[in-house]
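Visitor: Following this message is one structure expressed as structure tokens.
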Amino acid sequence: MSKRDFYEVLGVSKDADEREIKKAYKRLAMKYHPDRNQGDAGAEEKFKEVKEAYEILTDANLRARYDQYGHAGVDQSQGGGGHGGFGGGADFGDIFGDVFGDIFGGSRGGGRRGPARGSDLRYTMELTLEEAVRGVSKEIKVPTLVHCEVCNGSGAHTGSSAQTCPTCHGSGQVQMRQGFFAVQQACPHCHGRGKIIKDPCRKCHGEGRYQKTKTLSVKIPAGVDTGDRIRLSGEGEAGEAGAPAGDLYVQVHVKEHEIFVRDGNNLYCEVPISFTAAALGGEIEVPTLDGRVKLKVTPETQTGKMFRMRGKGVKSVRSGQVGDLMCKVVVETPVKLTESQKELLRQLDESFSGAAAKTHKPKSEGFFEGVKRFFDDLTS
């Protein structure tokens, strides 16, 4: 079944900003949340669809890829774990917290709410294993809202100023009665700002901020792993009416490596060796992130044996301890043999038969003796 367009799911335009997307998400998430629609499978599916759309469209990097490539550009990035340390967007408690904040005045103490701090942003950065292990500095481009430099975020045209809202008298809130209860909500006239702009700024049209793509340099420390995140303070969306900006969270996603698999601070790899080296022992070359090194293989090594190379893993970004490289040996069967080579192998195999079999091929002899006992028991 093909997925619906994420913008269509949230009911917003393709140039919608973070605030519009968040507002649409809150409304739809409250409508379809499973706690409010128990037993309704259709509502649960819609909730998942809305949540997925929100997660993609509020991540600057994923949104850019979705805009360019559609669903194919983001399906692989999400994988099975979503956005790891970022969670999956706002949970239901966050939604109710924001909504009740609007109804009851935000601060819950009845005081003025004031301009809202800007929203936090998320950006998923893909790194190679080498970049994650050694650290790297990268430039990223982040679409966001920035304070208008013409009006300094006030929203008012040069030479004019914002006026106190006549409806809420500057508090940003109005009181309404609902039955026996008196509740506060954001003033519908000034939208909670407490100010009215009669002569709006020509650049930002009275918003005090506008959409812009910022280029930022991000320093990734050595030793990070998938799920780690770096906070860039004040690099999120600009706040309303000159309020402080939110933060930008850069989440790390390390791509799969063709040789190594990482588990914590340890690295794992498979090393093919000839059956001669496995039988007689010797030194082989193995790869590390710092180049090739020698590994001593003990005689009579079997496939699956693990060799530990201490200190050849990853240095922890938190403790500074260095992990190990674990090399799993895979004994390679020779292929494309000549007739003379085959004859030599036959002669070698014949030398293992008879009384010498238990000495030279203990696992094979033990296996076949076990099979024989099994069938003897069945027929006895």
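Each Cβ is built from the backbone N, Cα and C atoms, and glycine gets one as well.
Pasting the relevant annotations from Swiss-Prot:
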type    : residues                       : note
DOMAIN  : 5-70                           : domain 'J'
ZN_FING : 135-213                        : zinc finger
BINDING : Cys148, Cys151, Cys201, Cys204 : Zn(2+) 1 binding site
REPEAT  : 148-155                        : repeat 'CXXCXGXG motif'
BINDING : Cys165, Cys168, Cys187, Cys190 : Zn(2+) 2 binding site
REPEAT  : 165-172                        : repeat 'CXXCXGXG motif'
REPEAT  : 187-194                        : repeat 'CXXCXGXG motif'
REPEAT  : 201-208                        : repeat 'CXXCXGXG motif'
Visitor: Out of 148-155, 165-172, 187-194, which stretch touches the repeat 'CXXCXGXG motif' (201-208) the most, going by CB pairs under 8 Å?
Guide: 148-155
Visitor: What is the number of residues in the repeat 'CXXCXGXG motif' (148-155) that are helix, strand and coil, as DSSP sees it?
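Guide: The repeat 'CXXCXGXG motif' (148-155) comes out at 0 helix, 0 strand, 8 coil.
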Visitor: For Cys165 (Zn(2+) 2 binding site), what residues in its own chain, 6 or more apart in sequence, show a Cβ-Cβ distance under 8 Å?
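Guide: For Cys165 (Zn(2+) 2 binding site), the qualifying residues are Gly172, Cys187, His189, Cys190, Arg193, Gly194, Lys195, Ile196.
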Visitor: Should Cys168 (Zn(2+) 2 binding site) be counted as helix, strand, or coil on the basis of DSSP?
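Guide: Assignment for Cys168 (Zn(2+) 2 binding site) reads coil.
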Visitor: Do you know offhand how many angstrom separate Cys151 (Zn(2+) 1 binding site) and Cys168 (Zn(2+) 2 binding site) by C-alpha?
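Guide: Distance (Cα to Cα, whole Å): 24 Å.
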Visitor: I want to check the contact list for Cys148 (Zn(2+) 1 binding site): same chain, sequence separation of six or more, C-beta distance under 8 angstroms. What comes out?
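Guide: Result: Gly155, Cys201, Lys203, Cys204, Glu207, Gly208, Arg209, Tyr210.
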Visitor: Let's check the environment of Cys168 (Zn(2+) 2 binding site): how many other CB atoms sit within 10 Å of its CB?
Guide: 23
Visitor: Among all the protein chains here, how many other CB atoms are within 10 A of the CB of Cys187 (Zn(2+) 2 binding site)?
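Guide: Within a 10 Å radius of the Cβ of Cys187 (Zn(2+) 2 binding site) lie 21 other Cβ atoms.
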Visitor: For the Zn(2+) 2 site (Cys165, Cys168, Cys187, Cys190), what does the 8 A shell look like? I mean other same-chain residues with CB within 8 A of the CB centroid.
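Guide: What remains near the Cβ centre is Pro166, Thr167, His169, Gly170, Ser171, Gly172, Gln173, Val174, Pro188, His189, His191, Gly192, Arg193, Gly194, Lys195, Ile196.
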Visitor: Identify all same-chain residues not among Cys148, Cys151, Cys201, Cys204 whose C-beta atom falls within 8 angstroms of the centroid of the Zn(2+) 1 site's C-beta atoms; report them in sequence order.
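Guide: Near the Zn(2+) 1 site, the remaining chain residues are Glu149, Val150, Asn152, Gly153, Ser154, Gly155, Ala156, Pro200, Arg202, Lys203, His205, Gly206, Glu207, Gly208, Arg209, Tyr210.
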Visitor: Looking only at the domain 'J' (5-70), what are its DSSP counts of helix, strand and coil residues?
Guide: 50 helix, 1 strand, 15 coil
